[in-house]
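Feature annotations, courtesy of TrEMBL:
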- 1-22: signal peptide (SIGNAL)
- 33-120: domain 'Ig-like' (DOMAIN)
- 131-221: domain 'Ig-like' (DOMAIN)
- 254-342: domain 'Ig-like' (DOMAIN)
- 347-435: domain 'Ig-like' (DOMAIN)
- 441-528: domain 'Ig-like' (DOMAIN)
- 532-619: domain 'Ig-like' (DOMAIN)
- 626-721: domain 'Fibronectin type-III' (DOMAIN)
- 723-818: domain 'Fibronectin type-III' (DOMAIN)
- 823-924: domain 'Fibronectin type-III' (DOMAIN)
- 909-929: region 'Disordered' (REGION)
- 928-1025: domain 'Fibronectin type-III' (DOMAIN)
Amino acid sequence: MMERRRMDAALLVLLLGHLATALEVPLDLPQPPTITHQSPKDYIIDPRENIIIHCEAKGKPHPSFSWTRNGTHFDIDQDPNVTMKPHSGTLVVDISRAKAEHYESVYQCTARNKHGTAVSNNIVVQQSRSPLWSKEKIKPIVVQEGVSLVLPCRPPAGLPPPIIFWMDNYFQRLPQSSRVSQSLNGDLYFSNVLKEDSRNDYICYARFPYTQTIQQKQPITVKVLSMDAINDTMAAFYNDTDLFSEEPADERKPIFLIPSGPSSSKTVLRGQVLEMECIAEGLPTPEISWTKVSGDLPAKRTSFLHYQRTLRIVNVSESDAGDYRCTGRNRLGSVHHTIHIVVNAAPYWISGAPRNLVLAPGENGVLTCRASGTPKPSVTWAMNGIPIENSPKDLSRTVDKDTIIFTVVQTGSSAVYQCNVSNDYGYLLSNAFVNVLSEPPRVLTPANKVYQVIKNHRALMDCASFGSPIPNITWFKDSRSSTLDGDPYILHDNGTLEIHVAQAHNSGKYTCVARNSLGIYENHIYLEVKEPTRILKQPEYKVVQRGRSVVFECKVKHDPSLIPTMTWLKDDGELPDDERLIVDADSLTISSVTENDSGEYTCIMNTTLDHDSASAQLTVVERPDPPTDLELTDQKKRSVQLTWTPGDEHNSPIQKFLIQYEDIMHHRGHWHNLTEVPGTKTTAHLKLSPYVHYTFRVLAHNGVDFSRPSVPSRVFKTDAAAPDENPTGVQGFGTEHDNLVISWKPLSGFQSNGPGLHYKVSWRPVGGEWTTVTVANNSKFTVSGTPTFVPYEIKVLAANDLGDGPEPAIAHGYSGEDLPIAAPENVQVMVMNSTLAEVHWDPVPSKLIRGHLKGFKVHYWREHSLHKHNSHHMEQILVFSGNHSHGMLPGLHPFSLYSFNVRVYNGKGDGPPSHTQQFETPEGVPGPPTSLTVTNPSPDSLTLEWSPPHVRNGRITGYSLKYQPVNNSNELGPVEELALPANETSVTLSNLKYNTRYKFYLNAKTVRGAGPTIPQEAHTIIDEGKSAHADEYK
């Protein structure tokens, strides 16, 4: 299995934060205070540590700080336990000499300078509390099996509320299920109790997160008894009065334990977590399901907890209001409850908090404080911490509900405005200043900054600026021939220039220019577009046998100007520190792999800009471990069931199990294959033979090899019995003409089925009476005095001390053979051509063959050639296997006299020959002349001399001579042909061309045609007087 993951990197300079439009005034310029850090509105403190109430602010000049406590001025100098950090408004309360609870109050910080005043939120300081559980004695709870039960927790109230969980005396969480679960208030609910719920250590724990302390309730004892057991057990304690009088708890339909009634309602605030729960009792245990009556549940924000008993919706919105229905159901019925949800909202910003305004004298501006909530919140304004209606009048300022409009502002109008939005569920307080400045433009982005980006990624180049009036930003590239304000460039409001898909030609020098009415400022930056890092050859999935080596390749291409770093991970962690793992430039080699090396290997190529990665799985396989725990069950006379436990398959599934046995009585030390079963099975029903002392072992086989054998099973002995089978391979044949040898393949000791193995051998002539003998310790028996080659019926029965085997099958055989006593008759021959003859004969009667007919043999020899009466007498034999009545004699010599006879043969040998006959073969074509020589060459003649053919195949009737000239280019000239009489052995050729090479071809003829040629070449000699003349065949 290989996985490839693309992880694109982006430089810090390219983060989306560049696109923010918040206005930052450089700190070297005059500006009102801005609060940069403050403690949360609801500030819970640890009473064991000093109290730190944060208030940090910036401004020019740096602001001074003061505090109110519960709405009145807090004189820090008068409290020796409180100090303010230098250059900060943060308070530090030393509780070593005072109690933390003395400082539980509402605090507000004020930061002011000559340009205005900013205030913090109201910070409510409360110490965390983790009170102890009240001491109580909890009586044991005795309940009837099947009824419902609630174990109360009721932890002490803490700040913040504690986290509740149930554990036992060993600090192990108590198991919960759809039957037993914890409610939102911490109580433990049982839909029905079982006997196994009895225990004496149901303990509720409360963990208080701020102090990290855990409080423990006294253990609760629960005893679950049947009806009779309850009466018998408790009678002694209650004056023999039955504790329960009703019948034992029966199955019943669900009833909700919580909430009660058919409906309820709940209010939740927007953005919070809504949790609704329904817990039902019943038997069988009810299943809980949830629906929204007026719509669908928000799938991405919904989860079900505590075995469906709790419905949880996070980040609640107004759309989550409505009716929700929970249903408890078992096979006896169902119950429903409807929860009406009301969603209210503390104030929240619609388009963000008001933003600082920087205006030049004479400019206009707007502060907007737009928020919403349920119920609708009210909006109030303050200036420098004083309600705006009580602030000095300013004709350039107009307040219109959630908006302040500034018209033609003047120097000296700088101030900090506070917007407070509140309803019954909370408030929002925001500071926003109006700073009236006249300031020429400046670019805040460092000069000559280099931006690097990967090709085809987004490039963002900063031109952070400040000025009052706000500068106008333009961008140029290289020659500054035109502004960059169209595709592929995007100019953002904050001056950032974006190239959505950067290419190599976008590299270069860029200039951003900031202008306002007071001046101009320009800044240069550089963009470098780099080639992406790519893995060209990824590591591949590997399956490797333990002990071998494996190589993962990871070949990468990257931008040559970026320095790459190759990192290998195993299962998303560092590679083990092991010398067997060798990391090269583009590969990882693992030698002598072990099973611990299995896992996912990832190569990561990092550069300063991006990285690429690819992963592959390594599976280390090995032959399986041997099976264990062999057990014999279901033991019968002829069968037993064998079960086993498979060993570790070592990442290669077991394909089959091989079951072997050892017969320690007949063949100790030798294991034999008995059967195979699929790898999914761990049991086999084994069919067994009698009179064997079995031990079994099992081998597992996977894709690698067989496991080592298991430890053998115990010995299983089968009882003796009569044989189940008879010998095989029964046959009868004679070794002499007057005997019959009966033989068979003996049974093995395993097949004997019992002691005293012997054989009952029976035979009879076909249609005769059976004769039987008993044979032991042998596998053949010879019957003597039989007629020659008579058919017999034979059978061999296996028997032992416990009886005979099954009725044996009858085999057939013959007594011994003797030589045939007759030759084939009516032998004839047909000469087909000069080299082939066909011989025919009549069959020999079976009784005269005296054995199994094997075939016929034709003996033939060449007496002499009809041309010369020299004798040859080299006999040849052709064998025709089977019952034939004719045969072909190929390869004969033409023009010859042949003699032949025919014999029949059986398993004993050949019979007498037939009467010898003769036939003649007709003439054939002769062989080539024995020799051809050239004599007496002259300028225009030469003599050819030859010898007659050695093989004439008939009477020679003449010769044919062909010849033709050959020039220096081996081209052949015209052919001349001469017919020569049979009694000539030379010829002189005249009128030949001088100094010319000739080719000659000579062959002999009979009445059957011409034989093959004998070739020769010769030159005529040079005539000095004609040497100047050319010849076209020279």
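All positions are counted from 1 along the displayed chain.
Cβ from N, Cα, C; glycine included.
Nobody curates TrEMBL annotations by hand; they come from automatic prediction.
Ranked by the number of CB pairs under 8 Å to the domain 'Ig-like' (131-221), the listed stretches 33-120, 254-342, 347-435, 532-619, 723-818 are led by 254-342. Broken down with DSSP, the domain 'Ig-like' (33-120) shows 7 helix, 45 strand, 36 coil. As a quick check, the domain 'Ig-like' (33-120) and the domain 'Ig-like' (347-435) clear the bar of 3 or more Cβ pairs under 8 A, pairs 6 or more apart, so the two touch. In terms of DSSP helix, strand and coil, the domain 'Ig-like' (254-342) has 6 helix, 54 strand, 29 coil.
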